[in-house]
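Okay, structure first, notes after.
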Amino acid sequence: MMSACLGFRELGLQPYEPVLEAMRRFTEQRSPDSQDEIWLVEHPAVFTQGQAGKAEHLLVPGDIPVVQTDRGGQVTYHGPGQLVAYLLLDVRRLGFGVRELVSRIELALIDLLASYAVQASAKPDAPGVYVDGAKIASLGLRIRNGRSFHGLALNVDMDLAPFRRINPCGYAGLAMTQLRDLAGPIELDEVRTRLRGQLVKHLDYAEQTTLTGGID
């Protein structure tokens with residue numbers, strides 16, 4: 001059964017930690033009737049450690065800050081030109097288990113990439129989306145009281161060099177790739193629009209809307 005309307009907030013370039021705190025507040029304060037939201041954002045350069053993160057996977061962070069988070073997974077990198085989507089969903093209301101939610105997000109990303117003639121796939125033992133073994137999108141979620149927060153990060157048109165300062169997602173030597181290198185020059189706004197459509201489709205929402213106002 002399709003859910004009603006999925007709301008999107010397009011936040012532009014935002015520091016990581018204030019968005020993290022806003023996600024937590026939204027999740028703690030929402031009611032059973034709250035509209036599900038997805039926040040689309042870019043972050044200045046930052047490494048984030050998941051709950052399973054190990055210090056040895058931070059090789060040489062250097063001048064890039066490291067933030068400990070409460071999402072699943074290990075260490076990853078965020079930076080300008082990477083499209084991040086935070087999925088603030090009532091998973092219980094949607095009727096999805098965690099594994100199904102992850103699979104639906106991966107399929108949305110795979111179909112998005114296919115629209116650029118990029119053939120991608122998921123791995124059963126390593127959440128995310130890959131192209132010829134190189135990772136193009138990372139996933140890390142947290143479920144609290146049946147509601148999800150955190151989300152996905154898609155490499156679109158960014159500097160990939162900082163990934164070499166870590167073992168991405170805890171895998172030594174994991175190659176990273178991005179859409180620009182596979183499909184040529186890319187407009188981030190267009191990718192954002194296509195991602196919205198794919199998430200609405202794969203998460204079984206009837207429609208979408210753009211939400212205005214801040215996240216404070």
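Positions of Cβ are set from backbone N, Cα and C atoms, glycine also.
Residues or ranges marked as domain 'BPL/LPL catalytic' in Swiss-Prot (evidence: sequence analysis): 32-207.
Taken from Swiss-Prot, the feature substrate binding site covers Arg71, Gly72, Gly73, Gln74, Val75, Thr76, Tyr77, His78, Ser138, Leu139, Gly140, Gly151, Leu152, Ala153. Other Cβ atoms within 10 Å of the Cβ of Arg71 (substrate binding site), summed over all protein chains shown, number 22.
Taken from Swiss-Prot, the feature site 'Lowers pKa of active site Cys' covers Lys135, and the record attributes it to sequence analysis. Following the DSSP three-state reduction, the secondary structure of Lys135 (site 'Lowers pKa of active site Cys') is strand.
Sequence annotations record features per position, and here Swiss-Prot assigns active site, acyl-thioester intermediate to Cys169. DSSP assigns Cys169 (active site, acyl-thioester intermediate) to a helix. Annotation for Cys169 (active site, acyl-thioester intermediate): spatial neighbours Gly73, Gln74, Val75, Thr76, Ala126, Gly128, Lys135, Ser138, criterion Cβ-Cβ under 8 Å with sequence separation of six or more.
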*C-beta crowding around Gly73 (substrate binding site), within 10 angstroms*: 23
*Three-class DSSP secondary structure - Tyr77 (substrate binding site)*: strand
*Summarise the model's confidence over the domain 'BPL/LPL catalytic' (32-207) as a mean pLDDT value.*
94
*Does DSSP give Leu152 (substrate binding site) helix, strand or coil?*
strand
